[in-house]
C-alpha cells in the first residue's frame, strides 16, 4: 500500500535496510543458540549477539548518517547534534537466551528530543512494525507490503485488554496496589511483555500497556508507532513521549482513566499498605492468593 508522505521517509527506509541485515544476523544466533551470556552491572543479561547487532547498526549509521549522534543500550552515546539514533539491538534478551521467540531489534530516530521514526523488527515472530512522524504506522514484511495500523475504540477500562511485563517493578516503585487494582478493573490482562505490548496497542488488539521501569532505548521506537496509530504514549505521570523512566500507552480514549488508576497518590483501600506479599482481595467463594503467586502467570520480561 502507499504510505503517507513524511519528512522522515528516507530515514525510515534506512532503518528498514539496517533491520534487514541485523535480522539475518540475530536469527542465525537465535536458531543455533551459538552465543555467550554475561550479566551486566544492572543484573540484566547481555549476549555477544546483542553486541554484534549494535555494532552492525552503528557501522551502517556511521557510513550513511555520519553527522547524526547514536545512543545504544550496549555501547552508550557517540556524537552530538539534534538528530540521534537510538538502538536496542535485542529487546527481550531473557527470551532470546531461553529460545522464546518474543524479542526484537528496535531502531529509532529522535529529532530535537522527539522520536520521529521507529522500526520494531521481530524476525523470530516473522513480524515487523514501523512508523514515521506524519506518515502513519504500519506492519508487514516490507514497505511495499504493509497494513496500516490503528488503535482500538474501547472507551472504558472495564472493557479493556491490558498488557504488562512483570510485577516486581511495580512493587519497587510503590505502585503494586494500583497495578493490581487496575488488573481487577479491566476486562482482560496478559503479560505479553516488552515491545510486543506496545505493538499490539498500535494494532488495536490490546487497549493499554504499561511498564514501571524502562530506559530510552526501550521506548524510543515505540512512541511513533503508538502515536501514529492514533494512541497516546506517556510516562505514568503523564509526561509525553519517552523522557521518563516508565511508560503508559493507550488508545487515547483510556489514557486519563489509566493514568488516574496508576497514579502514585491514588491509594487502594482494599490492600494492606507497605508490604510485599500482601493479600489480594479474593473473589467471592475463592481463597485469597499472595502477590507473589500471581507472578507465575507472567509470560516473561527482558
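For all residues, glycine too, the Cβ spot is worked out from N, Cα and C.
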Same-site residue for Mg(2+) 1 (record: TrEMBL; known: 88, 91, 218; options: 55, 73, 114, 239): 73
Listed in sequence order, residues with CB under 8 A of residue 88 (Mg(2+) 1 binding site) and six or more positions away: 72, 73, 105, 106, 217, 218, 221
Packing count at residue 91 (Mg(2+) 1 binding site) (other Cβ atoms within 10 Å of its Cβ): 25
